[in-house]
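Participant: Have a look at this one.
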Amino acid sequence: MNTLPSDNKREKAVLVGLCSQPETPRALVEEYLAELAFLADTAGADVIESYIQEKKIRDPAYCIGKGKVDELIPFVKEHEVDLVIFDDDLTPGQARNLERALECKVIDRTGLILQIFAIRAQSAQARMQVELAQLEYMLPRLSGAWTHLSKQKGGIGSKGPGETQIETDRRLVRNRISLLKKKLREVSLQHNTQTRGRQTVPRVALVGYTNAGKSTLMNILCPEAEAFAENRLFATLDTKTRRLELSINKLVLLSDTVGFIRKLPHHLVESFKSTLDEVLQADFLLHVIDISHPGFEDQMQVVRETLKELGVDHENFIEVFNKIDALEDQELLKSIRAKYPDAVFISAARGVNIPVLKEIIGKYVARDYKERKILTHVSNYKLIGYLYENTEVIEKRYLDEDVELTFRVHKNRIKHIDALVGASEPLQYDTTDS
Ligand SMILES: Nc1nc2c(ncn2[C@@H]2O[C@H](COP(=O)(O)OP(=O)(O)OP(=O)(O)O)[C@@H](O)[C@H]2O)c(=O)[nH]1
Ligand SMILES: [Mg+2]
């Protein structure tokens, strides 16, 4: 298992961001760099300096201007910097040029996020998903190296050893990519078969920006969940599903999911799609938001956009503003409450307003409950037993040898009851919606 580097192995990092007015003002870039520093910390690096350059057009060779590179060179040398992290995407060529000039590792935000996912991945499935994303990220970079090497070789059509090596590497990477895709398809098929039985219970999924408090909320709602919650980014990579009992026989399945982030690498979104697909088809989503973060509205937007990229167009959303204990400005809280009148305001860590949230989940679920009446022979234990175990029986009346049961049931269970009813005779089945 990969572990995070211990403190004595931590690397020294410098961050670089680019701002251009008015689209990306300096204050916004500073916020991006603060998040990048948090990412670097999670990956095991200490940020000792941040550089911001104002530049409208990216330099094709270095992304930042040559003057800025010349400013960075002595700093990197003097402070023995191990790596320079760019918030903006670097082309493979730019990364190579910068590494040569600065004589240290150079990566961009995408590379860093991929690195963290690789460190964090625990289950075999998550490890395969991350490896797939890393290889797909690497592939064009290998081809970039190939162009570069062939140019170095000079002669058109010359097949130098370097070129052959890169070609071999590319083939190996491609083979590994198809193998991983095949294995992931198999895992997801297996998983679908295992979870098919669960379809009769309403499902709720927790979604949100990384570090918003999804796992903490899962732990307080379902104490046996023991989801891993930590003040690090991407604490959760594996989807975890637990039973949440709202009241007698009113059960929902709650799933915790991987957090989203600005510029979540496209390859990661693609490779996590199969795992996320299943939970995001839930009956409704709880969107957990860290209200104490100054950029919480941008984060909400990122979450909405990522869901769209994943093909989730859900109307059933409950917005859950978390960490109200960490928001000191009461006026601000008031104005946010006014702006989002349907949202729930909680503190998962302190257990504030959790019963209210449960009640709201219950109300949402209740919308999908139907009232039904059934008349069956008293000896039809299978059906009667099923109804008592899985529905809320409101009334029972005996009529000669028959029994009439009135019950409330979630729409997902109706098909199953229909099947049981179909197998028993004689019977009267009232299907009027409540
Ligand atoms: N002050 C405060 N901190 C909280 C609250 N809820 C969660 N946290 C803290 O926020 C940090 C992140 O919590 P997690 O539950 O791991 O967040 P997550 O959304 O699951 O994060 P990822 O799995 O990384 O996407 C932890 O340090 C929690 O202790 C809260 O209500 N108040
Ligand atoms: Mg989590």
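Note: Cβ is positioned from N, Cα and C throughout, glycine not excepted.
Annotated domain 'Hflx-type G' per TrEMBL: 202-369, in sequence order. Among the features that TrEMBL reports, GTP binding site is placed at 208-215, 234-238, 256-259, 322-325. The feature Mg(2+) binding site is assigned by TrEMBL to S215, T236.
What's the neighbourhood like for these features in this structure?
Facilitator: Other Cβ atoms within 10 Å of the Cβ of S215 (Mg(2+) binding site) number 24 in total over all chains.
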Participant: Please give me the CB contact count at 10 A for T236 (Mg(2+) binding site), counting all chains in the structure.
Facilitator: 22
Participant: Consider only the binding-site residues K214, A235, D238: which of them have a Cβ under 6 Å from an atom of ligand 1? Write none if no residue does.
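Facilitator: Once distances to ligand 1 are taken from each Cβ, K214, A235 fall under 6 Å.
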Participant: Cβ-Cβ under 8 Å from V258 (GTP binding site), same chain, 6 or more residues apart: which ones?
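Facilitator: Counting only residues 6 or more apart in sequence, the Cβ neighbours of V258 (GTP binding site) under 8 Å are F234, T236, L237, D238, T239, F272, L276.
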Participant: I need the most crowded of these binding-site residues: K214, K323. Count other C-beta atoms within 10 angstroms of each C-beta and give me the top one.
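Facilitator: When each Cβ's neighbours within 10 Å are tallied, K214 leads.
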Participant: Where the criterion is a Cβ under 6 Å from an atom of ligand 2, which of the binding-site residues G208, N211, S215, T236, D238, V258 meet it?
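Facilitator: Only S215, T236 meet the Cβ criterion.
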Participant: For G208 (GTP binding site), what is the secondary structure by DSSP, using just helix, strand and coil?
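Facilitator: DSSP call for G208 (GTP binding site): strand.
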